[in-house]
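Q: So TrEMBL has the following annotated:
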type	residues	note
REGION	1-29	region 'Disordered'
COMPBIAS	10-20	compositional bias 'Polar residues'
TRANSMEM	37-54	transmembrane segment
TRANSMEM	74-97	transmembrane segment
TRANSMEM	109-130	transmembrane segment
TRANSMEM	136-155	transmembrane segment
TRANSMEM	167-191	transmembrane segment
TRANSMEM	221-245	transmembrane segment
TRANSMEM	274-295	transmembrane segment
TRANSMEM	301-317	transmembrane segment
TRANSMEM	324-344	transmembrane segment
TRANSMEM	364-381	transmembrane segment
(Lines of atoms letter the chains of each structure in order from A and count residues from 1; the text may use other names and numbers.)
(Lines give C-alpha, C1' and ligand atoms only; values in the text may rest on other atoms or scores of the structure.)
Protein backbone atom coordinates (compact mmCIF):
# COMPACT_ATOMS: atom_id res chain seq x y z
CA UNK A 1 0.00 0.00 0.00
CA UNK A 2 1.47 3.29 -1.10
CA UNK A 3 1.74 6.09 1.45
CA UNK A 4 -0.44 9.12 0.77
CA UNK A 5 1.34 11.72 -1.31
CA UNK A 6 2.72 14.73 0.47
CA UNK A 7 0.91 17.94 -0.39
CA UNK A 8 2.79 20.14 -2.77
CA UNK A 9 3.86 23.63 -1.68
CA UNK A 10 1.06 25.04 -3.81
CA UNK A 11 -1.48 22.79 -2.06
CA UNK A 12 -0.06 23.78 1.32
CA UNK A 13 -0.44 27.42 0.46
CA UNK A 14 -4.04 26.84 -0.59
CA UNK A 15 -4.77 24.99 2.65
CA UNK A 16 -3.08 27.70 4.71
CA UNK A 17 -4.98 30.41 2.85
CA UNK A 18 -8.25 28.60 3.43
CA UNK A 19 -7.42 28.22 7.13
CA UNK A 20 -6.60 31.91 7.38
CA UNK A 21 -9.83 32.79 5.58
CA UNK A 22 -11.79 30.51 7.89
CA UNK A 23 -10.22 32.13 10.93
CA UNK A 24 -10.92 35.56 9.51
CA UNK A 25 -14.55 34.64 8.93
CA UNK A 26 -15.00 33.13 12.37
CA UNK A 27 -13.18 35.95 14.14
CA UNK A 28 -15.72 38.09 15.87
CA UNK A 29 -15.51 41.86 15.76
CA UNK A 30 -14.60 43.56 19.03
CA UNK A 31 -17.55 44.02 21.33
CA UNK A 32 -18.97 47.58 21.20
CA UNK A 33 -18.85 47.82 24.99
CA UNK A 34 -15.08 47.35 25.28
CA UNK A 35 -14.10 50.92 24.45
CA UNK A 36 -16.59 52.52 26.90
CA UNK A 37 -15.45 50.01 29.52
CA UNK A 38 -11.80 51.03 29.15
CA UNK A 39 -12.81 54.69 29.27
CA UNK A 40 -14.74 54.07 32.49
CA UNK A 41 -11.75 52.24 33.99
CA UNK A 42 -9.46 55.12 33.04
CA UNK A 43 -11.81 57.68 34.57
CA UNK A 44 -12.05 55.62 37.77
CA UNK A 45 -8.26 55.37 38.03
CA UNK A 46 -7.92 59.09 37.42
CA UNK A 47 -10.44 59.88 40.15
CA UNK A 48 -8.61 57.55 42.52
CA UNK A 49 -5.33 59.36 41.88
CA UNK A 50 -7.00 62.74 42.37
CA UNK A 51 -8.55 61.59 45.63
CA UNK A 52 -5.12 60.48 46.89
CA UNK A 53 -3.71 63.89 45.96
CA UNK A 54 -6.57 65.68 47.73
CA UNK A 55 -5.84 63.78 50.93
CA UNK A 56 -2.33 65.17 50.93
CA UNK A 57 -3.63 68.73 50.91
CA UNK A 58 -2.13 71.13 48.42
CA UNK A 59 -5.21 73.34 48.21
CA UNK A 60 -7.25 70.74 46.30
CA UNK A 61 -10.85 70.11 47.33
CA UNK A 62 -11.80 67.27 45.02
CA UNK A 63 -15.13 66.33 46.62
CA UNK A 64 -16.60 69.83 46.34
CA UNK A 65 -15.36 70.04 42.75
CA UNK A 66 -16.99 66.71 41.88
CA UNK A 67 -20.26 67.64 43.59
CA UNK A 68 -20.44 70.96 41.75
CA UNK A 69 -19.61 69.28 38.44
CA UNK A 70 -22.30 66.65 39.06
CA UNK A 71 -24.88 69.24 40.08
CA UNK A 72 -24.40 71.59 37.14
CA UNK A 73 -23.13 69.34 34.35
CA UNK A 74 -23.76 65.62 34.90
CA UNK A 75 -27.34 65.62 36.23
CA UNK A 76 -28.63 68.31 33.82
CA UNK A 77 -26.77 66.62 30.97
CA UNK A 78 -28.35 63.23 31.63
CA UNK A 79 -31.82 64.73 31.91
CA UNK A 80 -31.47 66.94 28.83
CA UNK A 81 -29.88 64.10 26.88
CA UNK A 82 -32.83 61.82 27.58
CA UNK A 83 -35.25 64.53 26.46
CA UNK A 84 -33.37 65.14 23.22
CA UNK A 85 -33.05 61.40 22.66
CA UNK A 86 -36.78 60.84 23.02
CA UNK A 87 -37.44 63.67 20.58
CA UNK A 88 -34.87 62.26 18.16
CA UNK A 89 -36.53 58.83 18.34
CA UNK A 90 -39.62 60.24 16.62
CA UNK A 91 -37.52 62.01 13.99
CA UNK A 92 -35.51 58.89 13.17
CA UNK A 93 -38.66 56.74 13.00
CA UNK A 94 -40.38 59.10 10.55
CA UNK A 95 -37.22 59.40 8.47
CA UNK A 96 -36.76 55.63 8.31
CA UNK A 97 -40.35 54.70 7.49
CA UNK A 98 -41.77 57.77 5.74
CA UNK A 99 -38.44 58.77 4.13
CA UNK A 100 -38.44 62.48 4.92
CA UNK A 101 -37.31 64.80 7.69
CA UNK A 102 -40.27 66.05 9.71
CA UNK A 103 -39.56 69.69 10.55
CA UNK A 104 -42.82 69.91 12.49
CA UNK A 105 -41.70 67.39 15.11
CA UNK A 106 -40.46 69.95 17.66
CA UNK A 107 -43.73 71.86 17.45
CA UNK A 108 -45.60 68.57 17.80
CA UNK A 109 -43.72 68.23 21.09
CA UNK A 110 -45.00 71.68 22.05
CA UNK A 111 -48.57 70.81 21.04
CA UNK A 112 -48.55 67.61 23.07
CA UNK A 113 -46.99 69.33 26.09
CA UNK A 114 -49.61 72.06 25.82
CA UNK A 115 -52.35 69.44 26.01
CA UNK A 116 -50.70 67.97 29.10
CA UNK A 117 -50.55 71.41 30.76
CA UNK A 118 -54.22 72.11 30.09
CA UNK A 119 -55.25 68.65 31.30
CA UNK A 120 -53.06 69.07 34.40
CA UNK A 121 -54.86 72.29 35.31
CA UNK A 122 -58.22 70.55 34.97
CA UNK A 123 -57.12 67.60 37.12
CA UNK A 124 -55.66 69.89 39.78
CA UNK A 125 -58.87 71.90 39.80
CA UNK A 126 -60.76 68.67 40.49
CA UNK A 127 -58.39 67.82 43.35
CA UNK A 128 -56.79 64.87 41.53
CA UNK A 129 -53.06 64.32 42.02
CA UNK A 130 -50.44 61.61 41.59
CA UNK A 131 -49.13 61.72 45.14
CA UNK A 132 -45.37 62.34 45.21
CA UNK A 133 -45.23 62.35 41.41
CA UNK A 134 -46.20 65.27 39.15
CA UNK A 135 -49.86 65.42 38.14
CA UNK A 136 -48.66 65.80 34.56
CA UNK A 137 -48.09 62.03 34.45
CA UNK A 138 -51.83 61.52 34.88
CA UNK A 139 -52.52 64.13 32.20
CA UNK A 140 -50.02 62.62 29.76
CA UNK A 141 -52.58 60.43 27.91
CA UNK A 142 -54.67 63.52 27.10
CA UNK A 143 -51.66 65.27 25.61
CA UNK A 144 -50.77 62.16 23.61
CA UNK A 145 -54.33 61.98 22.28
CA UNK A 146 -54.16 65.61 21.14
CA UNK A 147 -50.76 65.23 19.46
CA UNK A 148 -51.79 61.99 17.71
CA UNK A 149 -54.96 63.66 16.44
CA UNK A 150 -52.96 66.59 15.07
CA UNK A 151 -50.42 64.31 13.38
CA UNK A 152 -53.13 62.19 11.76
CA UNK A 153 -54.96 65.30 10.53
CA UNK A 154 -51.80 66.51 8.80
CA UNK A 155 -51.18 63.04 7.38
CA UNK A 156 -54.68 62.69 5.96
CA UNK A 157 -54.90 66.27 4.73
CA UNK A 158 -51.38 66.73 3.36
CA UNK A 159 -48.93 63.84 3.43
CA UNK A 160 -51.19 61.09 2.10
CA UNK A 161 -51.86 63.04 -1.09
CA UNK A 162 -48.14 63.39 -1.81
CA UNK A 163 -47.54 59.79 -0.77
CA UNK A 164 -50.01 58.55 -3.37
CA UNK A 165 -48.41 60.80 -5.97
CA UNK A 166 -45.00 59.34 -5.02
CA UNK A 167 -43.67 62.85 -4.61
CA UNK A 168 -40.00 63.55 -3.98
CA UNK A 169 -38.81 63.68 -0.34
CA UNK A 170 -38.15 67.42 -0.64
CA UNK A 171 -41.87 67.92 -1.24
CA UNK A 172 -42.67 66.25 2.08
CA UNK A 173 -40.02 68.38 3.79
CA UNK A 174 -41.57 71.59 2.46
CA UNK A 175 -45.01 70.38 3.53
CA UNK A 176 -43.68 69.62 7.01
CA UNK A 177 -42.30 73.17 7.26
CA UNK A 178 -45.80 74.45 6.58
CA UNK A 179 -47.18 72.09 9.22
CA UNK A 180 -44.54 73.40 11.62
CA UNK A 181 -45.71 77.01 11.27
CA UNK A 182 -49.37 76.01 11.56
CA UNK A 183 -48.72 73.99 14.72
CA UNK A 184 -46.63 76.75 16.26
CA UNK A 185 -49.39 79.25 15.57
CA UNK A 186 -52.01 76.97 17.11
CA UNK A 187 -49.97 76.57 20.30
CA UNK A 188 -49.45 80.33 20.64
CA UNK A 189 -53.13 80.97 19.96
CA UNK A 190 -54.41 78.44 22.51
CA UNK A 191 -52.01 78.79 25.44
CA UNK A 192 -50.19 82.03 24.62
CA UNK A 193 -46.56 82.85 23.84
CA UNK A 194 -45.50 83.35 27.47
CA UNK A 195 -43.66 81.09 29.86
CA UNK A 196 -45.80 78.33 31.42
CA UNK A 197 -44.88 76.14 34.39
CA UNK A 198 -46.31 72.97 35.83
CA UNK A 199 -47.67 73.76 39.30
CA UNK A 200 -46.27 70.63 40.96
CA UNK A 201 -43.20 69.93 38.85
CA UNK A 202 -40.59 71.20 41.34
CA UNK A 203 -40.36 68.24 43.72
CA UNK A 204 -37.01 67.21 45.10
CA UNK A 205 -35.57 63.85 46.07
CA UNK A 206 -32.40 65.51 47.38
CA UNK A 207 -32.28 69.20 48.28
CA UNK A 208 -29.17 71.36 48.31
CA UNK A 209 -29.38 72.27 51.99
CA UNK A 210 -30.11 68.69 53.02
CA UNK A 211 -27.12 67.44 51.04
CA UNK A 212 -24.86 70.03 52.66
CA UNK A 213 -26.01 69.02 56.14
CA UNK A 214 -25.53 65.32 55.38
CA UNK A 215 -22.05 65.64 53.90
CA UNK A 216 -20.63 68.76 55.53
CA UNK A 217 -19.51 70.05 52.12
CA UNK A 218 -19.83 73.64 51.01
CA UNK A 219 -21.33 72.57 47.68
CA UNK A 220 -24.84 71.16 47.49
CA UNK A 221 -26.48 68.64 45.21
CA UNK A 222 -30.08 68.85 44.01
CA UNK A 223 -31.93 65.89 42.50
CA UNK A 224 -35.50 66.48 41.38
CA UNK A 225 -38.17 63.90 40.70
CA UNK A 226 -38.25 65.03 37.07
CA UNK A 227 -34.60 63.99 36.65
CA UNK A 228 -35.32 60.45 37.79
CA UNK A 229 -38.62 60.26 35.91
CA UNK A 230 -36.94 61.41 32.70
CA UNK A 231 -34.24 58.74 32.94
CA UNK A 232 -36.67 55.94 33.83
CA UNK A 233 -39.13 56.90 31.09
CA UNK A 234 -36.36 57.14 28.48
CA UNK A 235 -35.12 53.64 29.31
CA UNK A 236 -38.64 52.21 29.26
CA UNK A 237 -39.51 53.87 25.95
CA UNK A 238 -36.33 52.68 24.22
CA UNK A 239 -36.83 49.12 25.45
CA UNK A 240 -40.51 49.19 24.52
CA UNK A 241 -39.79 50.53 21.04
CA UNK A 242 -37.08 47.91 20.53
CA UNK A 243 -39.44 45.10 21.51
CA UNK A 244 -42.20 46.55 19.33
CA UNK A 245 -40.03 46.85 16.22
CA UNK A 246 -38.40 43.43 16.57
CA UNK A 247 -41.04 41.21 18.17
CA UNK A 248 -44.48 42.32 16.97
CA UNK A 249 -45.95 41.71 13.47
CA UNK A 250 -46.71 45.42 13.05
CA UNK A 251 -43.17 46.39 14.03
CA UNK A 252 -41.71 43.88 11.58
CA UNK A 253 -44.01 45.25 8.88
CA UNK A 254 -42.75 48.77 9.58
CA UNK A 255 -39.15 47.59 9.34
CA UNK A 256 -39.87 45.75 6.09
CA UNK A 257 -41.57 48.81 4.62
CA UNK A 258 -38.63 50.97 5.68
CA UNK A 259 -36.11 48.55 4.15
CA UNK A 260 -37.80 48.00 0.77
CA UNK A 261 -41.12 49.64 0.02
CA UNK A 262 -41.81 47.81 -3.25
CA UNK A 263 -41.02 44.38 -1.83
CA UNK A 264 -43.14 45.13 1.23
CA UNK A 265 -46.10 46.05 -0.98
CA UNK A 266 -45.68 42.81 -2.94
CA UNK A 267 -45.69 40.94 0.39
CA UNK A 268 -49.14 42.33 1.19
CA UNK A 269 -48.15 44.99 3.74
CA UNK A 270 -50.67 47.82 3.90
CA UNK A 271 -48.75 51.10 3.50
CA UNK A 272 -51.55 53.20 4.98
CA UNK A 273 -51.55 51.08 8.13
CA UNK A 274 -47.79 51.46 8.42
CA UNK A 275 -48.06 55.24 7.97
CA UNK A 276 -50.88 55.43 10.52
CA UNK A 277 -48.93 53.69 13.26
CA UNK A 278 -45.73 55.56 12.42
CA UNK A 279 -47.47 58.87 13.09
CA UNK A 280 -49.12 57.52 16.23
CA UNK A 281 -45.79 56.35 17.68
CA UNK A 282 -43.92 59.50 16.62
CA UNK A 283 -46.58 61.79 18.13
CA UNK A 284 -46.54 59.76 21.35
CA UNK A 285 -42.76 60.06 21.60
CA UNK A 286 -42.99 63.79 20.87
CA UNK A 287 -45.54 64.34 23.64
CA UNK A 288 -43.51 62.39 26.19
CA UNK A 289 -40.33 64.29 25.29
CA UNK A 290 -42.09 67.66 25.30
CA UNK A 291 -43.74 67.01 28.65
CA UNK A 292 -40.51 65.88 30.30
CA UNK A 293 -38.73 68.94 28.93
CA UNK A 294 -41.47 71.24 30.25
CA UNK A 295 -41.42 69.58 33.66
CA UNK A 296 -37.65 69.86 33.90
CA UNK A 297 -37.41 73.45 32.67
CA UNK A 298 -40.49 75.34 31.55
CA UNK A 299 -42.93 75.47 28.66
CA UNK A 300 -42.53 78.20 26.07
CA UNK A 301 -43.59 77.70 22.42
CA UNK A 302 -40.56 79.47 20.95
CA UNK A 303 -38.20 77.34 23.06
CA UNK A 304 -39.64 74.17 21.52
CA UNK A 305 -39.22 75.72 18.08
CA UNK A 306 -35.51 76.16 18.88
CA UNK A 307 -35.23 72.51 19.95
CA UNK A 308 -35.56 71.42 16.32
CA UNK A 309 -31.82 71.82 15.65
CA UNK A 310 -30.52 69.81 18.66
CA UNK A 311 -33.13 67.11 18.01
CA UNK A 312 -32.04 66.71 14.38
CA UNK A 313 -28.40 66.82 15.47
CA UNK A 314 -29.06 64.05 18.00
CA UNK A 315 -30.70 61.83 15.38
CA UNK A 316 -27.88 62.32 12.87
CA UNK A 317 -25.01 62.07 15.36
CA UNK A 318 -26.36 58.80 16.77
CA UNK A 319 -27.13 57.34 13.37
CA UNK A 320 -30.37 58.07 11.57
CA UNK A 321 -32.71 55.09 11.72
CA UNK A 322 -31.14 53.72 14.92
CA UNK A 323 -33.35 54.06 18.03
CA UNK A 324 -30.40 53.44 20.34
CA UNK A 325 -28.36 55.88 18.30
CA UNK A 326 -30.96 58.60 18.84
CA UNK A 327 -30.54 58.29 22.61
CA UNK A 328 -26.74 58.22 22.32
CA UNK A 329 -26.79 61.24 20.04
CA UNK A 330 -29.02 63.05 22.51
CA UNK A 331 -26.44 62.55 25.25
CA UNK A 332 -23.59 63.71 22.99
CA UNK A 333 -25.40 66.90 22.01
CA UNK A 334 -26.69 67.61 25.53
CA UNK A 335 -23.35 67.18 27.27
CA UNK A 336 -21.59 69.16 24.54
CA UNK A 337 -23.98 72.09 24.93
CA UNK A 338 -23.65 72.12 28.71
CA UNK A 339 -19.90 71.46 28.83
CA UNK A 340 -19.06 74.22 26.35
CA UNK A 341 -21.29 76.84 27.99
CA UNK A 342 -20.67 76.15 31.69
CA UNK A 343 -18.29 78.48 33.64
CA UNK A 344 -15.61 76.34 35.30
CA UNK A 345 -14.04 79.01 37.51
CA UNK A 346 -15.32 77.67 40.81
CA UNK A 347 -14.51 74.05 39.94
CA UNK A 348 -10.96 75.04 39.00
CA UNK A 349 -10.75 76.99 42.26
CA UNK A 350 -11.52 73.81 44.19
CA UNK A 351 -8.76 72.08 42.22
CA UNK A 352 -6.22 74.74 43.15
CA UNK A 353 -6.34 76.88 40.00
CA UNK A 354 -7.50 80.33 41.05
CA UNK A 355 -8.53 82.67 38.23
CA UNK A 356 -10.57 85.83 37.76
CA UNK A 357 -11.98 84.62 34.45
CA UNK A 358 -15.23 82.65 34.18
CA UNK A 359 -13.38 79.94 32.20
CA UNK A 360 -16.40 79.61 29.95
CA UNK A 361 -15.71 78.46 26.42
CA UNK A 362 -18.93 79.92 24.99
CA UNK A 363 -21.76 82.06 26.26
CA UNK A 364 -25.07 80.32 26.86
CA UNK A 365 -26.47 82.41 24.00
CA UNK A 366 -24.41 80.25 21.63
CA UNK A 367 -25.43 76.83 22.94
CA UNK A 368 -27.34 76.04 19.75
CA UNK A 369 -24.21 76.87 17.77
CA UNK A 370 -22.52 73.97 19.56
CA UNK A 371 -24.96 71.38 18.24
CA UNK A 372 -24.78 73.00 14.79
CA UNK A 373 -20.99 72.60 14.77
CA UNK A 374 -21.35 68.98 15.95
CA UNK A 375 -23.88 68.35 13.19
CA UNK A 376 -21.57 69.75 10.49
CA UNK A 377 -18.55 67.82 11.78
CA UNK A 378 -20.48 64.53 11.87
CA UNK A 379 -21.92 65.05 8.39
CA UNK A 380 -18.41 65.64 7.01
CA UNK A 381 -16.37 62.97 8.81
CA UNK A 382 -18.91 60.35 9.91
CA UNK A 383 -22.18 60.89 8.01
CA UNK A 384 -23.66 57.58 9.18
CA UNK A 385 -23.33 58.53 12.83
CA UNK A 386 -22.00 56.75 15.89
CA UNK A 387 -24.01 53.57 15.36
CA UNK A 388 -23.56 53.50 11.57
CA UNK A 389 -27.17 54.41 10.94
CA UNK A 390 -29.30 52.68 8.37
CA UNK A 391 -33.03 52.25 8.00
CA UNK A 392 -34.54 50.20 10.83
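In case you wondered, yes, glycine gets a Cβ from its N, Cα and C as well.
Automatic, uncurated: that is what TrEMBL annotation is.
Keep in mind it's a predicted model, so treat the numbers as computed, not measured.
Would you situate these features in the structure and describe their surroundings?
A: Here the transmembrane segment (109-130) has long-range neighbours at 87, 136-140, 142-147, 150, 183-184, 186-187, 190-191, 196, 198-200, 283, 286-291, 293-294, 299, 301, 304-305, 307, meaning same-chain residues at least 6 beyond its ends whose C-beta is under 8 angstroms from one of its own.
Below 8 angstroms of C-beta separation, residues 67, 70-71, 75, 78-79, 82-83, 85-86, 89, 132-134, 137, 201-208, 211, 251-252, 254-255, 281, 285, 288, 292, 295-296, 323-324, 327, 392 of the same chain, each at least six residues beyond the ends of the transmembrane segment (221-245), sit close to that stretch.
Listed as Cβ neighbours of the transmembrane segment (274-295) (distance under 8 Å, sequence separation of 6 or more from its ends, same chain) are residues 82-84, 86-87, 89-91, 93-94, 97-98, 102, 105, 108-113, 115-117, 134, 136, 140, 143-144, 146-148, 150-152, 155, 159-160, 163, 196, 198, 201, 226, 229-230, 233, 237, 241, 244, 250, 253-254, 257, 264, 304, 307.
The list of residues near the transmembrane segment (301-317) in space but at least 6 beyond its ends in sequence, with Cβ under 8 angstroms from a Cβ of it, reads 84-85, 87-88, 91-92, 95, 101, 103, 105-107, 109-110, 113-114, 180, 184, 187-188, 191, 193, 290, 293, 325-326, 328-330, 332-334, 337, 368, 371-372, 374-375, 378-379, 385-386, 389.
Away from its own ends, the transmembrane segment (364-381) comes close to residues 306, 309-310, 312-314, 316-317, 332-333, 336-337, 340-341 of its chain (Cβ-Cβ under 8 Å, at least six residues beyond either end).
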Q: For the transmembrane segment (136-155), find every same-chain residue at least 6 residues outside the stretch whose CB is under 8 Å from a CB in it, and list them.
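A: Tertiary neighbours of the transmembrane segment (136-155) are 104, 108, 111-120, 122-123, 128-130, 179, 183, 186, 198, 200-201, 229, 275-276, 279-280, 282-284, 286-288, 290-291, 294-295.
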